Amino acid sequence: MLKTISPLISPELLKVLAEMGHGDEIIFSDAHFPAHSMGPQVIRADGLRVSDLLQAIIPLFELDSYAPPVVMMAAVEGDALDPTVEQRYRQALSTQAPCPDIVRIDRFAFYDRAQKAFAIVITGECAKYGNILLKKGVTP
């Protein structure tokens, strides 16, 4: 066990976070995301909410400052977003510094980004449109 590292972060996830370079992207997905068919390494975090994992990793993870570092999936036309999902994610991401703007992209653009991601973390999150992408920045 390591000090000051949240027990929510598995050894596998900690290794992936350490291996990522600046500009690499990681997806924290809801339980329904088709992660295994996307291609990148898949890490299971069953039973955990995305917001809890975000809060756990953000002290260890520098967000990109040159490109939009936080991306979420936009609602499909005719569908509605639950604003509390983004609020929870913003709150989790702002524990170390102000949360950057969250960019919304359509579902298929998000899938394209997921296929190129360094890894996808499947959580137990059940919120609709509960997927979020983080782009790693340069550690100061």
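FYI, residue positions are counted from 1 along the chain as it appears here.
Using the three backbone atoms N, Cα and C, a Cβ is placed for every residue, glycine included.
Sequence annotations record features per position, and here Swiss-Prot assigns active site, proton donor to H22. In the shown protein chains, 13 other C-beta atoms lie within 10 A of the C-beta of H22 (active site, proton donor).
Secondary structure at G130 (substrate binding site), taken from DSSP and collapsed to helix, strand or coil, is coil. For G130 (substrate binding site), the same-chain residues lying six or more positions away in sequence with a CB closer than 8 A to its CB are S29, D30, V50, V85, T123. Feature annotation from Swiss-Prot assigns substrate binding site to D30, R107, Y129, G130, N131.
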About how far apart, in whole Å, are the alpha carbons (Cα) of Y129 (substrate binding site) and H22 (active site, proton donor)?
26
Rounded to the nearest angstrom, how far is the Cα of R107 (substrate binding site) from the Cα of H22 (active site, proton donor)?
24
Around the Cβ of N131 (substrate binding site), how many other Cβ atoms lie within 10 Å? Please give the count over every shown protein chain.
26
